[in-house]
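Accompanying notes for the structure given below.
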Amino acid sequence: MIRSVVRGFGASLPKRVMTNSEMEEKVDTSDEWIVQRTGIRQRHIAGEGETTASLGEAAARAALDKAGLTAADLDVIIVATSTPDNTFPATAVNIQNRLGMHHGAAFDVQAVCSGFIYAVATADAYIRGGLARRVLVIGAETFSRILDWNDRTTCVLFGDGAGAIVLEAQEGSGTTADRGVLTAQLRSDGAHKEKLYVDGGPSTTGTVGHLRMEGREVFKHAVGMITDVIEAAFDATGTTAEDLDWLVPHQANRRIIDGSARKLGIPLDKVVVTVDLHGNTSAASIPLALNVAASDGRIKQGDLVLLEAMGGGFTWGSILLRW
Ligand code: UT7
């Protein structure tokens, strides 16, 4: 059985770090409120010349280096983003060109904060279906550019950055002892589309628009949706919370992360948390967190790793993989 195995990982963050105390100068908020309600202490904000494609390119180069590969070795590039450099072409083709790659295919996936989960699931389907042997999967965002910087209920929450992994076809035995993606669980429900959305777009206002969120409403649904897709991943593979080495959640809010882990009986010392450093970077948050925990030696080859996310749409999903 063909499995999609992680061969390399990398990330890139904008140079500029913005602390909560700098936020206090912009809107009526406090470091205490932000830390207590979200766990966020700082975020990176893209500066002049830094865009979703430039951050994605840097993350991609780091992942290719780690894998010992070049763009010539890739078949497909998939970029998860809700903040593309342009409405079209896809940010993926922009990055493809920046990498000097002129073969294969490149396209974007748009599932907001669940984007990386959707992109990995798509890459895995391409690989297992024989359409590609190596896929570069990138989550890249510049949410700072769609924030309403006068709205304290949203502008304190988000940050910019990019992370990437290279997935490669490898023969497995078909058991959960295999390295690679073991299951992908995807969900969406557009009935919730107005709870977290951008109030503009090419076909409506002709403008880019700003992010709008009913935070409390999103929060209310988050833990239930996250635990639903995690339990589905356990059911699909016959694994349990005890088998996990690491939970790498989407980093929106420390309270959502802790609540989901507690509900599933996953000890907090097995949970990778980077929301304090990066804020919510939407589709970039999981690959950024993976990069931190794999670089500092926490995630090791052979570890069972669970990824999960929930966000605008709503969309939600999980990936269980052996590193
Ligand atoms: O990644 C996609 C998924 N997104 C999420 O997962 C976000 C989900 N939602 C959340 O994380 C939380 O709902 C928030 C962090 C957005 C808000 O936390 P909360 O505990 O739900 O707060 P709240 O919205 O109920 O607001 C509590 C109070 C309000 O004041 P009153 O009405 O009680 O007087 C807000 O006006 O906090 C006030 N408030 C703030 N105060 C200081 C809202 N934003 C701020 C702020 N600074 N930045």
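Just so you know, glycine gets a Cβ as well, placed from its N, Cα and C.
Any TrEMBL annotation is an automated prediction that lacks curation.
Annotated features in TrEMBL:
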ACT_SITE  Cys113  active site
ACT_SITE  His250  active site
ACT_SITE  Asn280  active site
DOMAIN    107-190  domain 'Beta-ketoacyl-[acyl-carrier-protein] synthase III N-terminal'
DOMAIN    235-323  domain 'Beta-ketoacyl-[acyl-carrier-protein] synthase III C-terminal'
REGION    251-255  region 'ACP-binding'
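On the structure: features taken from TrEMBL.
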residue : record      : DSSP (3 states)
Cys113  : active site : helix
His250  : active site : coil
Asn280  : active site : strand
Protein Cβ atoms within 10 Å of Cys113 (active site), excluding its own: 31
Candidates His250, Asn280: member of the active-site residues with the richest Cβ shell (10 Å): His250
Nearest-integer angstrom distance between the alpha carbons (Cα) of His250 (active site) and Cys113 (active site): 7
